[in-house]
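Participant: Okay, so TrEMBL annotates it like this:
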DOMAIN    61-113  domain 'Myb-like'
DOMAIN    68-117  domain 'HTH myb-type'
DOMAIN    123-168  domain 'Myb-like'
DOMAIN    124-168  domain 'HTH myb-type'
DOMAIN    170-220  domain 'HTH myb-type'
DOMAIN    171-216  domain 'Myb-like'
DOMAIN    217-260  domain 'Myb-like'
DOMAIN    220-268  domain 'HTH myb-type'
């Protein structure tokens, strides 16, 4: 006979469908398969009860649970909700067992329900909505899209977030030297926490991220390398003091460049590995 752990092993093995589920959904799905396994074991006669037959039945059940909804199922779900409300367990037991689970019924109903309440994503934003959005961002901060979306009747958090990014991209213009310097200072202060940095700048998160990596990937000139070498000879690896001499370089950028540049750092060796080095590495 198949051991109890088999159902859980089966559900957790690598599978693209797995990554579409939350932890709770995965556990619920595994529990449903375990229960179905027990039912299958009772239905199959003792002569037929073997591992491969039960696994095949489990696989068939899994395919049904993950299959697309057809028109007949949708109509059945709508009628069941009219009769039983949102009692998903009752609806599942009377109408959908074992092809669906209560969680999938609730998810399908919510998707259909909220889709009717909100207009199309292509509906233009009004000046009044733009004003409400700006006030919401000022009150709650960038990133609090769920809270801000509650200020609207027919806009969800994804629409709110995407529209705010569109506004920023339309109004952003070119990056100024002052903005570049502020960005580098904020990275030194907070690290690469783009959402947090975005609260201090009138820029979108992705815009800040892209600009930062453009700045740090900028080629170092011979003059910069010479200045860095002189400063290290004078101050050692005191990156805070050294960074004061580079207006367009962050501490992180300076530090990483020094660790990788063989012309400045004598400890960096970019030549071929010697047999002794290979042996030391393997040991």
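Residue numbers in this text run from 1 along the chain shown.
Quick reminder: no glycine exception, Cβ is built from N, Cα and C everywhere.
Automated prediction, rather than curation, is the source of TrEMBL annotations.
Quick one: where do these features end up spatially?
Facilitator: Per DSSP, the domain 'HTH myb-type' (68-117) is made up of 39 helix, 0 strand, 11 coil.
Restricting the average to the domain 'Myb-like' (123-168) gives a pLDDT of 85.
Assigned with DSSP, the residues of the domain 'Myb-like' (171-216) fall into helix, strand and coil as follows: 32 helix, 0 strand, 14 coil.
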Participant: Could you pull out which residues elsewhere in the chain have a CB under 8 Å from any CB of the domain 'Myb-like' (217-260), counting only those six or more residues past its ends?
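Facilitator: Same-chain contacts beyond the flanks: 177, 180-181, 184, 187-188, 268.
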